[in-house]
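Asker: Mind looking over this structure? Questions follow.
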Amino acid sequence: MVEAQSWTTRRMSNPRFDAAATAAPTIVDIPGTPPHSSASSPLKPFFLSSPTVSPTILTAAIIAAWFGSNIGVLLLNKYLLFYYGFRYPIFLTMTHMLSCAAYSSAVINIAGIVPRQHILSRRQFLKILSLSAIFCLSVVCGNTSLRYIPVSFNQAIGATTPFFTAVFSFLITCKTESTEVYLALLPVVSGIVLASNSEPSFHLFGFLICVASTAGRALKSVVQGIILTSESEKLHSMNLLLYMAPMAACILLPFTLYIEGNVLRVLIEKARTDPLIIFLLAGNATVAYLVNLTNFLVTKHTSALTLQVLGNGKAAVAAGVSVLIFRNPVTVMGIAGFGVTIMGVVLYSEARKRSKLLNQK
């Protein structure tokens, strides 16, 4: 639980980073796009189909935007919740959800990037609501971990998502994978054990809550694959975000009022003396939405496999950038552990791909 507290802005020329952290970006998994009729809009953005831009340049720009938004939201979250002194991770997560709801509505209803889909039944509504609850748990835990562990360690923990996905898939659906797939998970786990034992800024609570965030992302992925299976209930990723975001904001509201009850008063008082906080929160919330938008665009212009490969690279890049900017201490063993985990994730992806090909024959 994160207690409400008064504002404390840290002004240090060379701060120590023994309690730094970061969180996974606010993001939803991309399900398969159901069949639908194409939609057009006079405001449809140029980045979806621009005859004047080379496809190669367009794809490169989208990938660059994807990297920028994913790493940017991590660094902004870290700066706000630790260095700037904004100690309200639940409220921050709620602003992310409100931003995603507003931007999703504009992008779908006005810009027409994808056709609007509607919730067709009470059962479908309850399914999306359950996903929103898991979504909240994952993101709030990730944001809370900002205050305790560094970005690099957070990304190492986040890379273990395939392990938790395999565990939940077995526990919930009794689905088993090939021996090769399970063996590939060994370096995923052993790498994070190695990194944890040699992490200079290790914090037990930060570690546990970051693990909870990673497990929550995996659980959401598995549950989403189970409850949104029928063609009539499948939603495009952008439509799913459109409905999940406001539900998540409503779920978070009572928690932020109870746990962080003085956040609005503190925010108003702070804004009077330092208006920068308003721009930081607005920018942070916007970048949080851009993570989801660029996720969709990368998949549209490349493939889901490309997105998976980029995700593996993003963890390493984000960790490196955070060390350069915030200069949190790292060790050779910690770097080696992170590398082993990333290698395990790559091996896991390849093993699953081969397993699927064998099952299709």
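Quick reminder: no glycine exception, Cβ is built from N, Cα and C everywhere.
Okay, these came from Swiss-Prot:
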type     : residues : note
MOD_RES  : VAL2     : N-acetylvaline
TRANSMEM : 56-76    : transmembrane segment
DOMAIN   : 89-196   : domain 'EamA'
TRANSMEM : 90-110   : transmembrane segment
TRANSMEM : 125-145  : transmembrane segment
TRANSMEM : 153-173  : transmembrane segment
TRANSMEM : 192-212  : transmembrane segment
TRANSMEM : 240-260  : transmembrane segment
TRANSMEM : 276-296  : transmembrane segment
TRANSMEM : 306-326  : transmembrane segment
TRANSMEM : 329-349  : transmembrane segment
Asker: If I take every residue in the domain 'EamA' (89-196) and average their pLDDT values, what number comes out?
Answerer: 92
Asker: Quick one: do the transmembrane segment (153-173) and the transmembrane segment (329-349) have at least 3 Cβ pairs under 8 Å, skipping pairs fewer than 6 apart in sequence?
Answerer: yes
Asker: Count up the helix, strand and coil residues in the domain 'EamA' (89-196) according to DSSP, in that order.
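Answerer: Taking each residue of the domain 'EamA' (89-196) in turn, the totals are 88 helix, 0 strand, 20 coil.
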Asker: If you count every Cβ pair below 8 Å, which range out of 56-76, 90-110, 125-145, 192-212, 240-260 shares the most with the transmembrane segment (306-326)?
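Answerer: Going through each listed stretch, the top one turns out to be 56-76.
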Asker: Of the listed stretches 56-76, 125-145, 192-212, 240-260, 329-349, which one has the most C-beta pairs under 8 A with the transmembrane segment (90-110)?
Answerer: 240-260
